[in-house]
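All remarks here apply to the structure that follows.
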Amino acid sequence: MAVTDKNILTRLYVVAGFLFLFAAAVLFKLVSIQLIDGEKYQKLALKRTERMFTIEPNRGDLISDDGSLLATSVSRYTIRFDAVTVSDRNFKENIKPLSEALSKLLGKSSSHYQQLLRKAKTNKNRYALVARNLDYSEYMAVKDFPLFNKGPYKGGLIVDQKTVREHPLGKIAERSVGYERVDENGYYTRVGLEGAFGEYLRGVEGKRLKQKIANGQWKPIGLDNIVEPKDGYDVISTIDINIQDIAHHGLLAQLEKYKADHGCVIVMETKTGEVKAISNLGRTPEGKYYERLNYAIGESHEPGSTFKLMSMVAALEDKVIDTSTVFDTEKGTWRIYKNTVRDSKHGGYGKITAAKAFEVSSNTAFAKMIHNNYKDNPERFVNRLMSMGLHKELGLPVKGEGKPVIRYPGDKGWSGISLAWMSHGYEVSLTPLQTLTFYNAIANDGEMVKPRLIKEVKELNTTIQKFSKEVMNPAICSKETAVQMKALLKNVVEQPWGTGHRLYSPNFSMAGKTGTAQKNYVSKDPDKLQYISTFAGYFPADEPKYSCIVVIHEPDRNVGFYGADVSGPVFKSIAQKIYATSPLVDEVDMRDTKDKATERSYQKYYAEAQKKYNKVPNVKGMSGMDAISILENLGLEVEVRGNGSVKRQSISQGTDLKQVKKIVLELS
Amino acid sequence: MRTVFENIKGDKAIWAVVALLALFSFLPVYSASSNLEYVVGTGTTMGHLVKHAMLLILGFGIIYGVHRIPTHFFKGLSLIALPIVLVLLGFTLAQGTTNEGANASRWIQLPLVGIKFQTSNLASVVLMVYVARYLTKIKDKTITFSESILPLWLPVFLVVILILPANLSTAAIIFSMVLMLCFLGGYPIKYLLGIVGSGILCLTLFVLLAKAVPDIFPNRVDTWMSRIENFRNPADTEADYQIEKAKIAIATGGIVGKGAGKSIQKNFLPESYSDFIYAIIIEEYGLIGGFTLMFFYLLLLFRIVVVANGNQTIFGKLLVLGVGLPIVFQALINMAVAVELFPVTGQTLPLISRGGTSSWMTCLAIGIILSASVKEEVKKKSRSKIDDTNPLEVLSGQL
């Protein structure tokens, strides 16, 4: 086989040609990937490597009228331990001190933590739970513990942070503060103030485009967020935590005393409609009470005698009666179409004026008053009630307001006795807040102010929006009527015959109306008969500052059920605590006379201390404390013998400081 | 320094291409270094560049040194080097450095310097020189197959068998390059076909053995099977993941690319600085970069052909082709893997990849080529004299 230059060359061309073809194929494939599949892979690239992240904004604080936090977002930390990343040596060296430190901070025994950590190490657990729900300061402490201070890789510390909503007031006003939850479909469950003002509190989610890098990490693309997150605004509510506290505990005490099913209290500022306190307590099967439902706003029920105010205002406005019109209470019962209206006082009140009928809360007088005057034209009465807005919801931002019911003649359920029954608060239905709003309007001489839970929306210290008084109806009645009714409401408490007289106190004034409504009266079973005890009113009687309503449902009948007995005391205690215990002003003289000797010695010390030394100063005669201070500031070690002022110094004045380390002072 | 430049001999175009490729190699190394730093967490980004520069400088030292050696010296050198290489290969295989549980005993640790050395690269160069020598020796004879078994096929098979368990693709490439060289050198084609047949038979036997007794060569066979299986029938596996990332890199590179260091896929492509470097280069420098790189390799191929053509001796020609064509072939294989024209192998891109010592062996080959390109100048002066005085030549003649 003769190999010549020539045939090598021929074969070489074959091989080189093959390599060129190979190269051409590579380039062809390269271009085809870009042209044909390019779009597909570019999309895939975005899908695999880029993602839009949302940045949760910080939810705003819910703040009370007086600046206390009602709800705020705080960080909570869960500490876990990666036992695999920690070297055996580090683990052995640190497990004891770490366990002891954990035990000291978190309370469980040191051996508990040792066991936990050792078990994690044996099982190669990379996510062992050490502690849950630590607050920030605890978290900072844990971070500095032995082993954990080596960080996530050497120390195996894993920290999961989450933001939770805290209620510094705890269970007080929990329901009114409420919450807001959002499910995966973006549907919000809104409760209480949190829900009502969610739009302000929530803030705006930020958006950040991130790119995947190695180790499953994501790095942000670009300098800016696509959408900047915007923290939620702070909402300042009208709730005053002091009043809230008084209301809460007053209600709780009474509910416990009467073993009632549930109850609520609302305190409202008369002039502005600001709700200062709103407390709702319901009973658990165990007999404990907690903020269960928002009864004050949500529960519409037959108000009973508190409605007599509305009836009387209507009658006075329509001028069908005046306060001195006399009604015969007929021994306490009045038959109307086979039904009987009864007074709570057996035997009735005889012949009484309309004013006294209100003060003693006579059902028969009111039934007659309304029935007799409106029976030919019942629409007139209902129209009057409606003109006062009693059939409309208040339109609160808080979800779940109960619907008021005022029947119109001809409506389903309307009958010949409807007028008589409506007159004292049956066949109508109102929520406690709606009733209170009406009482508040009377206290305001007829101006009906909308109850309000929000005062201001703020971003840090900047006001975003201010909410002020909202008038629903400038005059639900004439001023004369309002003034007349205010006098009657005052008499309910002040006059010895008034149903609320038991609440009377000479120290402070209050006005209001009791109400004791029957519940479940439709069933003939007397055991099922329950009561709703109410007291609605305002204080002080002459210049109303706060309006308040207390409603207690289903008190134990064996203990009592009258509005004045059950609800009245809560009202009284609130009024008393807000007004009767106004703070005392004690003046104490400030004693600011200076002791001359002290002053002199201080001046001497100050003069010495201000001088710059490079030589040992003379401290003889100075007080020991001052001398030590000066010498130590010069960097000397000072030894002291005895008490008092300096008698002798071991190194004399004028020695160069550089040569001196320690000085001994003798005091006497 | 001046004398060094004066002493630079040989094909200037090859020098230029190699220098350009070496310079270009800093770009992907620079790009990869940040990721290496982040993932592996050793060294600094600058450190990787400095290390690469040191390796290249040493590499150029090798080129310079080797290209000063007269071409015919390599005949004898290959004879001396072959047994050493076989021992080294045996040692490498025996030590069995594990790579993620798979038996990837491809490297030996160089003592003192702490650099890993891939012995198969050296073996490849030495074996090609050896084969070129043999083919030159038999150029005028008509040989039978049995005559060529001992001097040609025994060393070839020994080398291939020693590399095969740890690195199938390198073994296959070395084997096919030997076949190519034999083809160029006029070795009878019918014998070559027989060898190919027996080679395939051997491989089959090896695979079957490994399957039957998995403890001998753990995992490696499975890796090959799954890689080839994947190439034929893409499924959602590791290799598929790599190919997908490589394709994403190529697709998002566009015409001009994203710019130096801005590759995104380097974060997800394992071996982004060696096996899949071509995809990363296209992502960063676009089609322009990809085509330019290919152009330089083809230019290298062209110059190798020119040098081979110009060399007056059969040995010179075969030597140049024997050590030169594998460089280009390996480059093409690497690129073909990135564009999914070829199953995933562990081949680096010669002179570009941050391969460390494998680039030295490329430099060795380049040096040999350059030496062969020098020869024609030197030869005119004193060819016969050198022939007579070269003791290695005498040794070569004896065998």
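Cβ from N, Cα, C; glycine included.
Per TrEMBL, the feature transmembrane segment maps to B:12-29, B:49-66, B:73-93, B:113-132, B:144-164, B:170-187, B:192-210, B:276-302, B:314-337, B:357-374.
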- Given the cut-off of 8 Å on Cβ pairs that are 6 or more apart in sequence, determine whether the transmembrane segment (B:49-66) and the transmembrane segment (B:357-374) share at least 3 such pairs. yes
- Message: Any contact between the transmembrane segment (B:170-187) and the transmembrane segment (B:276-302)? By contact I mean 3+ C-beta pairs closer than 8 Å, pairs at least 6 apart along the chain.
- Response: no
- Item | Other parts of the chain folded back onto the transmembrane segment (B:12-29), taken as Cβ under 8 Å at six or more residues beyond its ends | 48-49, 52-53, 56, 59-60, 63, 260, 273, 277, 280-281, 284-285, 293, 296, 299-300, 303-304, 307, 351-354, 366, 369-370, 373
- Message: Is it the case that the transmembrane segment (B:314-337) and the transmembrane segment (B:144-164) touch, counting contact as three or more CB pairs under 8 Å in which the residues of each pair are 6 or more positions apart?
- Response: no
